[in-house]
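Worksheet: the structure to be examined is printed underneath.
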Amino acid sequence: MSILFIADVHLCNTKPKIIHGFLNFLYNHAMQAQALYILGDLFEVWLGDDEKNIMHMTIAKGLQSLHKKKVPCYFIRGNHDFLLGPKYANLCDMILLPDSQVLKLPSGKNVVILHGDTLCIDDKSYQRLRNFLHCQILQKIFLSLPLSMRLYIFNCARTFCIKYKKYKLKQNLHIKLQTVIDMLIKNQSKILIHGHTHQPAIHNIQISENISFKRIVLGQWNKYGSVATINEKNDDINLIHFPLNKQ
């Protein structure tokens, strides 16, 4: 059996094919897994656990099915769904994890997992914005507002961000290699898995003749799904892409 890792599904009502493909993934591939880790941005936007539409309930039912099959599902918040809280997580039978987590494989190896936005340290303006948005007091005030007001604020912010992105350097989305190495050394790990950049790949980082690391970047779900697998018996790592309409 394998441990599965996904990120950046970006579920929303305007993309029913992705919703359908994700549900197929849950009811088929994920059912056979040892565990499923969702590393953020499962949803395109999350304005609070009280916003429960048909899509949210359908996804919750799909995630509940994993729990019924005794397949644990873990969730790390991303930059699109950082307001997803314990109420919805409990509804889905998901286990919320902190922004970064260290997994210990049966072999004893450590694996660092996170969404990935905190690795883009060259994007100073985003990191300042992230720190601001993750202020607990600010989040409490925002979540106390009527849902209609939260939606209005979100739409205004999104309009600004779309205009701002036109002037952003693409390199700001790149991961700082030294940040990755420092995190791996700190956590006594040689494997790091993340999403966020939408640039799927397995990067081998050779430090010296005897020291090397792996960085696995998960892809965005669009026409294809993206999942990383770790075989619990031999620690083999694969990054798989599959058409969402042919599962």
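Heads up, the Cβ atoms here are built off N, Cα and C, so glycines get one too.
Remember, predicted model here, so these are calculated numbers, not experimental data.
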Swiss-Prot has Asp8, His10, His198 down as binding Mn(2+) 1; which of Asp41, Asp182 does it also list for that site? Asp41
Per Swiss-Prot, Asp41, His115, His196 bind Mn(2+) 2; matching candidate in Asn13, Asn79, Asn222, Asn231: Asn79
Restricting to the binding-site residues His80, His115, Asp123, His196, which ones have a CA within 10 Å of the CA of Asp8 (Mn(2+) 1 binding site)? His80, His115, His196
Under DSSP, is His80 (substrate binding site) part of a helix or a strand, or is it coil? coil
